[in-house]
């Protein structure tokens, strides 16, 4: 029997406030509800999914490093770190785990400082502006990506 594929869902700063934080941009679902939706997809697809959220760059980097040779794919919403964190980008490059960048809002329809991402050019794909549905789309892509590698 083959080993389960492992996917890590990472969420960056302030995403623990989803549901209460700026619903116009981020919707009304909590992070727990989004994670539960993705966990349900993981169960249907026989995928091991770990969810992790941190407001600190250091904790996110440590989690990425701990995933080295233990995780097959990463789904990441770097949140505000999208526009500032070379260190987080470098951590993803160091572990060489394929990943998809996710954003609830369309960062290109927002303030100009949100238009640049330090992750997009090294991600397998970028999903933005689809709200919580973007997490499901990213998960489905990861499943297809891993199936092609198998």
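Glycine is treated like the rest: Cβ placed from N, Cα and C.
Just so it is clear, the model here is predicted, and its values are computed rather than measured.
Among the features that Swiss-Prot reports, site 'Transition state stabilizer' is placed at 21, with the record citing sequence analysis. Annotated active site, proton acceptor per Swiss-Prot: 26, in sequence order. Residues annotated as substrate binding site in Swiss-Prot, with sequence analysis given as evidence: 77, 83, 90, 104, 105, 114. Annotated active site, proton donor per Swiss-Prot: 103, in sequence order, evidence recorded as sequence analysis.
Locations of recorded Swiss-Prot features on the structure.
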| residue | record | DSSP class |
| --- | --- | --- |
| 21 | site 'Transition state stabilizer' | coil |
| 26 | active site, proton acceptor | helix |
| 77 | substrate binding site | strand |
| 83 | substrate binding site | helix |
| 90 | substrate binding site | helix |
| 103 | active site, proton donor | strand |
| 114 | substrate binding site | helix |
Residue 83 (substrate binding site) versus recorded positions 21, 26, 103 - nearest by Cα: 103
Spatial neighbours of residue 77 (substrate binding site) among the recorded positions 21, 26, 103 [C-alpha, 10 Å]: 103
Site with most surrounding Cβ atoms, counting all protein chains shown within 10 Å, from the binding-site residues 77, 105: 77
Between residue 90 (substrate binding site) and the residue listed as 'active site, proton donor', the C-alpha gap once rounded to whole angstrom: 19
Packing count at residue 26 (active site, proton acceptor) (other Cβ atoms within 10 Å of its Cβ): 21
Nonlocal residues around the residue listed as 'active site, proton donor', in sequence order (Cβ under 8 Å, 6 or more apart): 77, 82, 126, 127, 128, 129, 134
Around the Cβ of residue 83 (substrate binding site), the count of other Cβ atoms that are within 10 Å: 16
For residue 21 (site 'Transition state stabilizer'): intrachain residues, at least 6 apart, with Cβ closer than 8 Å: 14
Neighbouring C-beta atoms (10 Å sphere around the C-beta of residue 104 (substrate binding site)): 24
